[in-house]
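Chemist: The structure is given below, and queries will be raised subsequently.
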Amino acid sequence: MSKILIRGAKVLGGEPQDVLINGEVIEAVGTGLSAEGAEVVEAAGKVLLPGLVDLHTHLREPGREDSETVLTGTRAAASGGYTAVFAMANTFPVADTAGVVEQVYRLGQEHGYCDVQPIGAVTVGLEGKKLAELGAMHDSAAGVTVFSDDGKCVDDAVIMRRALEYVKAFGGVVAQHAQEPRLTEGAQMNEGIVSAELGLGGWPAVAEESIIARDVLLAEHVGSRVHICHLSTAGSVEIVRWAKSRGIDVTAEVTPHHLLLTDELVRTYNPVYKVNPPLRTERDVLALREALADGTIDIVATDHAPHPHEDKDCEWAAAAMGMVGLETALSVVQETMVDTGLLDWAGVAQRMSFKPAEIGQAKGHGRPVSAGEPANLTLVDTAYRGQVDPAGFASRSRNTPYQGRELPGRVTHTWLRGKATLVDGKLT
Amino acid sequence: MQRHLISAADLTRDDAVQILDTAEEMARVADRPIKKLPTLRGRTIVNLFFEDSTRTRISFEAAEKRLSADVINFTAKGSSVSKGESLKDTAQTLEAMGVDAVVIRHGASGAPYRLANSGWIDAVVINAGDGTHQHPTQSLLDAFTMRRRLVGRDAGIGQDLSGKRITLVGDVLHSRVARSNVDLLHTLGAEVTLVAPPTLLPVGIETWPCEVSYDLDATLPKSDAVMMLRVQRERMNAAFFPTEREYSRRYGLDGDRMAKMPEHAIVMHPGPMVRGMEITAEVADSERCTAIEQVANGVSIRMAVLYLLLGGNQPAVTHTRVEEK
């Protein structure tokens, strides 16, 4: 059994402590722990967090291995401090059967960089017409508990209602990509002052808000829980806040990019800023930060969406939507939430590990940093500041909106069940 | 003046006046038996048209030829573009053939901006209309037409459009002509009013430097020029308005409405006109309608733009001296 002593780390940002890993579990947490027989990682000044959990990742395999594979995506995840990712269902073929989800699950296990928990499609082929075999996916080796047609909205109210009801039988949750399709035909960016000037098709906030409003009411009516993907507007925050105050079982996520970037960037017509839902306004960004701080928004999820270079090196309308995010998420959260004083590191752990693991029922993840728990850990050098250089990404894709931007924080070590996947910023 | 012409908003008042003044000089070339200047001899210009637009392409081509440039016409249909070649590859291929300027028409808003700013090519980029974004040479030729008619051909030299009241009517939402005109006319000191049903005005218009009205009849008596924008019939299928007839009744320009305009006021249209929709034949064919004049002015404006962007510091038009000989 290999032992690792992480010495002097600020556990969840608190007082410096030693953490002793023995095999796959944390053996002890305390001060002055013996280093005997253990490899020592000096962590003075660094922050130790539970391994991060991403409820919203696109790994692209099967089907678009030119942009990402389970291997490259999980290496990117480990690089960013993640020990578990939930892989979205919009692959080719779509993850709407037990066969596809088992394949993705198995690939994650084989590579060993990060646990991969597949998300199953709500409807066959993401077409929104017919429920996929949700129970079969749950009963498979992949044990799917989160279902989403992400990329597309389950816009048919009856299908949504049935899905919400049906997954109660096995404790599943439906994660909604809230986008009213008719209101967003031809949509290219946030509808507002900038879209009016640039002549790009608008994606109005109401297209997101109206679906969220409908779905929280549906969830209340049938007594189910619902999760809202990548919430992006101030109005959506108000609706979720209202729903929670009413006791509706709703959780919501926000992406790092919606916490930092605004639609003003679209003036460059550089498709690296093209994403769905689109970048919104400064007012929305501030509302999202506040909501993440006060708990209205439960978690940060990356919506890591890799695309090959050619799908971004073109005119705006022809470009694919999405940005990679796994390797920059924690830095953006530090920049927008920690360094601004809105959250402490315990709050970050809650929103990037404990809570996403709870929503997705990721076994062994999002556990406290204490004796007897699985050794899924992330060590962060929070004093670091540096420019984002996509050339160093582990992801197969480079479509980051942060190229050249200076951001704080750097993950130096990641451990998955006691096995180091990242050491001194280098993948093992 | 900037190196490329992407948006009318990039032009300062002095840039714009310089273009209009240069266009007046160019217009005199058209009055000569040999309508040609040697200014751009040896320069190659490609007209890169990803969208059908015969009139704009012909106008640019005429301008280029009158300046003695070598002209390559490239249309997307039937080319490698229709087989999936990217804008970047197309542009780089053309530049490798030694192109000095690219006149681009593209269905995607921002395509010319990308071409000019992404480092793909070095050539000068001139926007000949991109999506629902901008059509700067159209707004320049419109301003040129207004200055001639409302200020005077000779009296207008060196002048802008200060105090002129310009009304644009129609599908502002989908119109690059409207966006370019609002920007340029504002820069030139005009007071712009947009008139349209609320469905055809973009959300976010409140920051534009113009007035917005839903009432055409109230606006007409206060207009020195009324520009009718084309309204595509398909729009009514997307519920932008109930029927063609209702649109015409509320926002179309007919003889009765034209009579409400001041005596001196002109009617403009960027073409192609949908007669019976936004404009009646009676108005379109009247003395006050400048549609045909705008086409002629388009060539002069495009000559001026090409000259100023490609001619460098050479003396402007030398035809006066040529005539003296």
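Going from the start of the chain as shown, residues are counted 1 onward.
Backbone N, Cα and C define each Cβ position, glycine as well.
TrEMBL entries are annotated by machine, without manual review.
Heads up, here are the entries from TrEMBL:
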type: DOMAIN; residues: B:3-147; note: domain 'Aspartate/ornithine carbamoyltransferase carbamoyl-P binding'
type: BINDING; residues: B:ARG55, B:THR56, B:ARG105, B:HIS135, B:GLN138, B:GLY271, B:PRO272; note: carbamoyl phosphate binding site
type: BINDING; residues: B:LYS83, B:ARG176, B:ARG230; note: L-aspartate binding site
type: DOMAIN; residues: B:163-309; note: domain 'Aspartate/ornithine carbamoyltransferase Asp/Orn-binding'
Chemist: Looking only at C-alpha atoms, tell me how far B:ARG176 (L-aspartate binding site) is from B:ARG105 (carbamoyl phosphate binding site), rounded to the nearest Å.
Modeler: 12
Chemist: Around B:HIS135 (carbamoyl phosphate binding site), which residues of its chain at least 6 apart sit with Cβ under 8 Å of its Cβ?
Modeler: B:ASN127, B:ALA128, B:GLY129, B:ARG176, B:VAL177, B:SER180
Chemist: Cβ within 8 Å of the carbamoyl phosphate site centroid (B:ARG55, B:THR56, B:ARG105, B:HIS135, B:GLN138, B:GLY271, B:PRO272 excluded): which residues?
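Modeler: Filtered neighbour residues, in order: B:SER53, B:SER59, B:ALA128, B:GLY129, B:PRO270.
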Chemist: Least buried of the binding-site residues B:ARG105, B:ARG176, B:ARG230, going by other Cβ atoms within 10 Å?
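Modeler: The binding-site residues B:ARG105, B:ARG176, B:ARG230 were compared, and B:ARG230 has the fewest Cβ atoms within 10 Å.
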Chemist: Take the C-alpha atoms of B:ARG230 (L-aspartate binding site) and B:ARG105 (carbamoyl phosphate binding site) and report the distance between them in angstrom, rounded.
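Modeler: Cα of B:ARG230 (L-aspartate binding site) to Cα of B:ARG105 (carbamoyl phosphate binding site) measures 18 Å after rounding.
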Chemist: What's the longest C-alpha separation between any two of B:ARG55, B:THR56, B:ARG105, B:HIS135, B:GLN138, B:GLY271, B:PRO272, the listed carbamoyl phosphate-binding residues, in angstrom?
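Modeler: The carbamoyl phosphate-binding residues span at most 16 Å between Cα atoms.
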Chemist: Of all the binding-site residues given, B:GLY271, B:PRO272, which residue's CB has the most CB neighbours within 10 A?
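Modeler: Result of the Cβ crowding comparison: B:GLY271.
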Chemist: Going by DSSP, is B:HIS135 (carbamoyl phosphate binding site) sitting in a helix, a strand, or coil?
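Modeler: The three-state answer is coil.
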Chemist: Can you tell me how many other Cβ atoms are located within 10 Å of the Cβ belonging to B:THR56 (carbamoyl phosphate binding site)?
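Modeler: Result for B:THR56 (carbamoyl phosphate binding site): 23 neighbouring Cβ atoms inside 10 Å.
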Chemist: Pull the DSSP breakdown for the domain 'Aspartate/ornithine carbamoyltransferase Asp/Orn-binding' (B:163-309) and write it out as helix, strand, coil residue counts.
Modeler: 66 helix, 24 strand, 57 coil
Chemist: Of B:ARG55, B:ARG105, B:HIS135, B:ARG176, B:GLY271, B:PRO272, listed here as binding-site residues, which sit with their C-beta under 8 angstroms from a C-beta of chain A?
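Modeler: So the ones by chain A are B:ARG176.
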Chemist: Between 0 and 100, where does the mean pLDDT of the domain 'Aspartate/ornithine carbamoyltransferase carbamoyl-P binding' (B:3-147) sit?
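Modeler: Mean pLDDT across the domain 'Aspartate/ornithine carbamoyltransferase carbamoyl-P binding' (B:3-147) comes out at 92.
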Chemist: Other than its own, how many Cβ atoms are within 10 Å of the Cβ belonging to B:GLN138 (carbamoyl phosphate binding site)?
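Modeler: Its Cβ has 25 other Cβ atoms within 10 Å.
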